[in-house]
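The annotation transmembrane segment is assigned in TrEMBL to C:16-33, C:54-73, C:104-125, C:131-152, C:173-195, C:226-245, C:257-278, C:285-305, C:311-329.
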Amino acid sequence: MTTSSLTPTRDWWRIPQRYVPVLATLTLLLVMYGVGVSQYRAFSNIQVVFNVFIDNGFLLVVAVGMTFVILTGGIDLSVGSVVAMTAMMSASLLQGGVHPAAVLVVALLVGPTLGFLMGCVIHFFDIQPFIVTLAGMFFARGMCTFISKSSIPITDPFWTSMAQERIGDPKGNFVSISVLVAFAVVLVGAFVLAYTRLGRNVHAIGGNQQSALLMGLPVGQTKIAVYVISGLCSAIGGILLSFYTLSGAPLIAVGMELDVIAAVVIGGTVLTGGSGYVFGTVLGVLVLGVIKTLITFDGSLNSWWTKIVIGGLLFAFILLQRLIGIRKK
Amino acid sequence: MSGRQPVLTMTEISKSFPGVRALDGVDFRLFPGEVHALMGENGAGKSTLIKVLTGVYSHDAGTIELAGQQVSFTGPMQAAAAGVSTVYQEVNLCANLSVAENIFIGREPRTLGAIRWGEMRRRARDLLAQLDLHIDVSQLLGTYSLAVQQMVAIARAIDIQARVLILDEPTSSLDATEVEQLFRIMRQLREQGIAIIFVTHFLDQVYGIADRITVLRNGRLVGEYPTAELPQLALVEKMIGKELDVLESLDEQSKRDLAALEASTPFLQAEELGRKGSVAPFSLTIHAGEVVGLAGLLGSGRTEVARLLFGADRADHGRTSVDGKPAALRNPIAAIGHDIAFCSENRRTEGLVGELSVRENIILAMQAARGWLRPIPRRRQDELVDKYVKALSIRPADPEIPVRNLSGGNQQKVLLARWLITEPRLLILDEPTRGIDVGAKAEIQKLVVQLSDGGMAVLFISAELEEVLRLSHKIAVMRDRQLVTELANDHTVDADRVMQTIASGTHHEGARA
Amino acid sequence: MSTSKARWAAVTAHSLFWPAVALVALLVANTIYRPGFLTVEMKDGHLYGSLVDILRLAAPLILVGLGMTLVIATGGIDLSVGSMCAISGAIACLHISQQPDQNALSGVLVALALGIGLSLVLGAWNGALVSIIGIQPIIATLILMVAGRGLAQLITEGQIITINSEPYKSVGVGYLLTLPLAIFIAAGVALLVAAVTRRTALGMIIEAVGGNAEASRLAGIRSARITFLVYVISAVCAGIAGFMVTANVSSADGNAAGLWIELDAILAVVIGGTSLAGGRFSLSGTILGALLIQTLTTTVYAMNISPQTSLLFKAVVVIIVCLVQAPAFRARFARRRPVAPAAPTAADQSKEQVPA
């Protein structure tokens, strides 16, 4: 008896199916960029790419957190509100004359704390993440108006310097501090997912929670951890947003959770969990950013087309995931 | 063996769930270097005992000693760390992770918190090579067959320096070759002094590999025996706890004139019906009033045949005809339209809707056939339900309680009642007597005889050969997802002959019995 | 004494007990805060009062909630209802705004028909994604939730369409037989949905599909059709709610109309005791849930707290309701009182022994 009969033969040239969605996103991104470059001369300017990052840095950070949550098979609807709450809280504390360092610390603690509480409810009481984070979303949005009913401007010198600092080459192309922060978050996120036990446990839980439990993995801790991570990323995203807008507004980032989820899905992460990459999420955010840029460049198209196109892409990628799922069976 | 110290001693273990005493003062000993079969019918307490041992459940009373030290694990991970590893029936690994990860997750080699992937893969390759399994460990586990996945699960278990390895029904989804490979590994591990607890429903496999047998029944210990001193029949008696006489009484009345049956137009005729990856093309005819038994090992394609005939899976090959006229059984609705009914072996997942009441479950198929716009009047519902609750003696006799609160046997009867009220002409029963108590089993067998006497065709699938032999007029034997032969169930046919047919061609542990 | 205890236990165990208690508590709190809260006055042949307002304002939520109940009962969810409200409201307002005489009944009826028709199409889209292609409901409806807002804005061309049509306005704020017309519409749809589900076998079949989809398929139920149907019903309910929302303010705003109503509706369904996992559903529970949510919102308004802050209270309600209904939470809670559950078990056993 040989074991070879148990081993399926494999075509070496075949792309493993787990990479198909990410490659599809990459292709889409390149095509869209190509279309942009061929249609508008100004599009080929490298600053256009940088601007996509500058405008979407906070989205990218939040999407990294969301990737963790979706990989476990969960979802976090509270991110938009937590972003807004963090920005509001920072603006309000700064207005009250609190030292910027202290503001940063407080702002970075609130999001994860809320995430921790949501994670605990999800894990200990076995309630669907969708409904718990919905409560979190209500709570954080309510806190925004509780802090102030109107927008609070930020005049703190540290914040303004962070907002205006340009890091660039001699030709005048530049990125903001926020972009560097976002890159740092992406790198840390990618490392944690690929090279730490926490990251692998996240994948395992998304693949089969029951198995993860029986293999003795710390399922509860990991599930709580992903909501803390998502809360932390939302908090960082909130601070970056306050750098970007230099204010805190109670109704900012409404519906942002949808953009984030769309970016993660377009980036190839499977919504049922277990499969996905932070790198894919970066591509997903870039796709969203390039769509917005293309629509801005076009001028004749209106902003609502962004939503329709994102919806269409969401449909296409969900269909792709579904087809791959069927083929696996 | 008595001279040695047991590696594991469980004493006076008791465990209760609301309303059920799952374990009642059970003792269990396990010696190093033995394969110890844990036997019992469904509900005997095997899984509970294992879950108590591995800390999935806490026990109410009793002590567990591992290598002379009293232990009480809080979970599988702690148990594994102490050397008690478990491989479950439905491979509990993550199909979306690589083979290497599945072996090492939770224990990955790391430097400063970062996983060393290269070393992990190398170690996984080495470990699997010991089990004679040479596969690409960086591929996702889900791309490999169940058998390979099972081996990977064992590799994971033994790498945790296991002293006690629990194999909980590891063979139920493996074919004969794969079982042989598993046994080889088990023997190898036994040589190394690992103690193996082997839970299985296959008697032949127990006699093929186990050194000793512990039998549980209704949460109590029946006894512990060296395999050589316990003949199969005695084992079955100890597991079931009753003489088989109740069931034997059926024996003669079901035999009828086969020639007359064969002369009539068949009710259902399948020609070269098949589906890729499921079952090879087969031909089968079923006449009105005939009981056709499907015999074969688990995974031999019995259920797949039933599903094709009912349209639960779509055939990609062959034809079917009903009453001599072509009839495509494309989906369950088409099959039901031709008066075919199917009781799935998985009552809970494919049969009943647990939340709905007994009444609603019973009328479900009839209502579905009428369409939702034509509800069955409530009075008619009550009449029908009352009739069958009485006829099948479904307990408790309250049709308004959720069906999930019923015992397995009563759930099976509810499922039967659902189809009987539709007055089918062919009833497909897939393992109707599995996991239910002996009394209910006898009732269901009697019912099959009655129904066929009344002119209904029955396709009867069971893992228990005796049962198939007792009830069927004709036996179709399945092997390796092929229908190998049809035997008329006359005096020339007995269990041995069917067994031989099932096992023919390859050396199989089961052939010994 | 034991029977009254058992009866009390049966009442408290009823899935609608705690929502009803919460609703009564809110009403009592309001009455204490503002003694005139419960009074209903007759003015110009119309009834006025906070209670009437609550009923009127709850009407859109009840409508959306009814459709959502059926969707959730099949084990699905419909996130796109808010966008549907915006779309149907937008198309109706657009049509009316293009009429020479906005008060002409025929124009309004055509507008309503257009809105319902578009809702049917969008519901069919959702239904097809879920039942034919087999995409998870939460994901399938997410598509229209995102794109639907864009569609609504596309219809209104990013503007807020203001109309001046009495017949259309009456859908939201009109009166009939002393009571707001919206209440009658909501009640009518509720009765219709109840009749369609409970007078036919649809309700049971939905519950069967939601409780066990595979078992239902093998019992010969055309699950795909049923699933498709509930998304269409949900879309139509949302479409009608969209008319009310836009009629209330006589304008269609693609961004704001029906914003977050999907979340309120899901909340109403969950408060009403229908499990998010599917299976058994309760229409009356959903209506109670919707009334509870609207009462909470009205209370918050009445106490002069900003409407956004009312979200804080909603968050608390969501968590409490979910915790109370979560088996895991109940188990924990019950463990602290080990005596109580023992009694009913004994009673059950003795009951079972009688027939045997």
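Every residue gets a Cβ built from N, Cα and C, even glycine.
Contact between the transmembrane segment (C:285-305) and the transmembrane segment (C:104-125) does not hold: fewer than three of their C-beta pairs are under 8 Å, each pair 6 or more apart in sequence. Across C:54-73, C:131-152, C:173-195, C:226-245, C:257-278, stretch C:226-245 shows the highest tally of CB pairs under 8 A with the transmembrane segment (C:104-125).
Counting residues 6+ beyond its ends, the transmembrane segment (C:173-195) has Cβ neighbours under 8 Å at 42, 45-47, 52, 55-56, 58-60, 62-63, 66-67, 70, 233, 237, 240, 244, 247-248, 283, 287 in the same chain. Cβ atoms under 8 Å from those of the transmembrane segment (C:257-278) belong to residues 15-16, 19, 60-62, 64-65, 68-69, 72-86, 89-90, 145, 152, 209-211, 238, 241-242, 245-246, 284-290, 292-293, 314, 317-318, 321-322, 325 of the same chain, restricted to positions at least 6 beyond its ends. Counting same-chain residues at least six beyond the ends of the transmembrane segment (C:226-245), those with a Cβ under 8 angstroms from any Cβ of the stretch are 59-61, 63-64, 66-68, 70-71, 73-74, 76, 78, 80-82, 84-90, 92, 112, 115-116, 118-120, 122-124, 126-128, 130-132, 141, 168, 171-172, 182, 185, 189, 193, 202, 205-206, 209, 257-258, 261.
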